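Here's what TrEMBL has on this protein:
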| type | residues | note |
| --- | --- | --- |
| ACT_SITE | A:CYS86 | active site, nucleophile |
| ACT_SITE | A:HIS194 | active site |
| ACT_SITE | A:GLU196 | active site |
Amino acid sequence: MKFAVLVFPGSNCDIDCYKAVEEVLGEPVDYVWHTATDLSAYDCILVPGGFSYGDYLRCGAISRFAPVMAEVAKAAEQGKYVLGICNGFQILTEAGLLPGTLLRNTSLKFLCHDVVLRVENNDNPFTVDYEQGEEITIPIAHGEGNYYCDEATLESLKANNQIIFTYASNPNGSLSNIAGISNERGNVVGMMPHPERAVNTLLGSEDGKRMFTSILKAWRDQHDAATIR
Amino acid sequence: MLKAKVYVTIKQSVLDPQGVAVQGALHSMGFGEVESARIGKYMELTLDTTDRAEAEARVKTMCEKLLANTVVEDYRFELEG
């Protein structure tokens, strides 16, 4: 299974994502520059955190028009896995690949600490290795992680089981304690917390590890049925 | 040459934490009459055109596509020149 880690000018969690794939999965992973126009070689696209294009105008607003984003939309359409973390989540909402948007934290503070997340949906390629309702510890690091959408969108998120993670204790004012959501099909996930920073006890937690093992497991379940190994 | 003045504001239905902080500061300075404060963005675009109708349509598209996130923001603009 082949991973791409997108790199925008200002991405600063790209190395963490790359290392997480390398350490946890040992699968092939490439950095892909924001000007790339072909993602056909990859099975999973990781859109990392950071401050793409300096977050000028709005978080993710400019990166959403980077050439590579048309390819991300294409990959999502083909059912490939796309995971946006933090700024990556903001980019995916700006791109319309996920509903809603991220607002300034209600405290106006940049928050950088561990939070407890509840796994709301483990029937998703990114969470199959977690238990439904399990509580996990993953760090956050954001100033604009306050998830917002209109009431109709929230209802449809709930009805389609698109809420993947919620905060046990809401740090940023996020609607319905939402920490991470998926698209309707479930192959595109965005989340504010950083699983790639929680893949080793040396980092304080290894609860993020199972997101990566989940991806590989889900992909193998989907592909190995047709492959003789 | 036309100049577009674009104003982007957070929708009334959405909490504006920056506005709340500024309101709090004004209150603590003695400006108790401030009932609310909302923070927005102001942008000036200089356009290499004299066709107002065309410019209006183009600026509207710019606002919808990039300058405002219509999920949470309203926009308006004026053309001058």
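Placement of Cβ uses the backbone N, Cα and C atoms for every residue, glycine included.
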(Q) If you count other C-beta atoms within 10 angstroms, which of the active-site residues A:HIS194, A:GLU196 is the most crowded? (A) A:GLU196
Q. Within the chain of the residue listed as 'active site, nucleophile', which residues six or more apart in sequence place their C-beta under 8 angstroms from its C-beta?
A. A:CYS13, A:PRO48, A:GLY49, A:GLY50, A:ALA141, A:HIS142, A:GLY145, A:MET191, A:MET192, A:PRO193, A:HIS194
Q: Please state whether DSSP places A:GLU196 (active site) in a helix, a strand or coil.
A: helix
